[in-house]
Amino acid sequence: AFPGPGGRLTPREFGNAATSLTANPDATTVNIEDPGETPKHQPGSPRGSGREEDDELLGNDDSDKTELLAGQKKSSPFWTFEYYQTFFDVDTYQVFDRIKGSLLPIPGKNFVRLYIRSNPDLYGPFWICATLVFAIAISGNLSNFLIHLGEKTYRYVPEFRKVSIAATIIYAYAWLVPLALWGFLMWRNSKVMNIVSYSFLEIVCVYGYSLFIYIPTAILWIIPQKAVRWILVMIALGISGSVLAMTFWPAVREDNRRVALATIVTIVLLHMLLSVGCLAYFFDAPEMDHLPTTTATPNQTIAAAKSS
């Protein structure tokens, strides 16, 4: 039965429709609501306090959206140039913002979720490591020159091998340690489900930006005072080590307590080994080739000949 003029059913048409519905109970009916009436929605479940704590720990509430956008951005095949070009698609503001975040770690905030996850890059870590290599090598040569300055028997010879040694140490640390850590986290995630997981690129970003503090520290290591150098290395280690510890603790905190603590301690110890090793090798190591040699007097020569 169709409605009459004006969109309303007449009494006769209403009776025919009711009779038809009674005869065929399986017939489909359509409910036409008033356009002005708004549907009522069921109230959603209240957000648990545990979820709020996780969001506060991870850094922001829009992390899932940024992670999805990052995944869509890197959808090109890995064998194409466009895939690797996205790793260097970062502006100056983002790089400086991430450097500032690595210098001023915020307790309770996740460095990856705050600065990295929206657009992980290799531009910053690559140039930070390159700058650190030349800062350590040049500062080491200049420190050696200032220590022996004024000695008549000293002749300054630039040691270019320090550049290659520093490059090997820095880049090996910035790539091999994140690779090992990423493999370990993947292995532990297969056993214990953690609420936080990092990609290899994100771990490389964290390590790369955490090394920025050592650039001004290496320049200040030129000061020929061991006490000042060790104070500087402890300050740099405290800042960069806290960035690493606060970043990777959420990724292991759901694991066994001993495993989680051992992981964080290992990360900090490897970072300490890098900083202390660079200071000891490039700045505090004695230069045997430039030590003044003593010449024997004639009397010492005659005495040595008689004793033989």
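Note that Cβ sites are derived from N, Cα and C of the backbone, with glycine treated the same way.
Under the heading compositional bias 'Polar residues', TrEMBL lists 17-31.
Per TrEMBL, compositional bias 'Acidic residues' is recorded for 52-61.
The domain 'Yip1' feature in TrEMBL is assigned to 103-275.
The feature region 'Disordered' is assigned by TrEMBL to 1-64.
Residues 87-88, 90, 95, 98-99, 158-159, 162-163, 165-167, 170-171, 174, 201, 204-205, 207-209, 211-212, 214-215, 218-219, 221-222, 224, 278, 282-283 of the same chain lie 6+ residues outside the transmembrane segment (122-143) yet bring a C-beta within less than 8 angstroms of a C-beta in it. The transmembrane segment annotation in TrEMBL covers 122-143 (among others).
Annotation comment: TrEMBL describes 163-187 (among others) as transmembrane segment.
Taking Cβ pairs closer than 8 Å, the transmembrane segment (199-224) reaches residues 87, 98-99, 101-103, 111-112, 115-117, 120-122, 124-126, 128-129, 131-132, 135-136, 139-140, 142-143, 146-147, 170, 173-175, 177-179, 181-182, 232-233, 235-236, 239-240, 243-244, 247-248, 271, 275, 278-279, 282-283 in its own chain, all 6 or more past its ends. Per TrEMBL, the feature transmembrane segment maps to 199-224 (among others).
The transmembrane segment annotation in TrEMBL covers 230-252 (among others).
As annotated by TrEMBL, transmembrane segment applies to 259-283 (among others). Sequence-distant neighbours of the transmembrane segment (259-283) (same chain, 6+ residues past either end, Cβ-Cβ under 8 Å): 136-137, 139-140, 143, 162, 165-166, 169, 173, 177, 181, 184, 188, 210, 214, 218, 221, 229-230, 233, 236-237, 240-241, 244-245, 248-249, 252-253.
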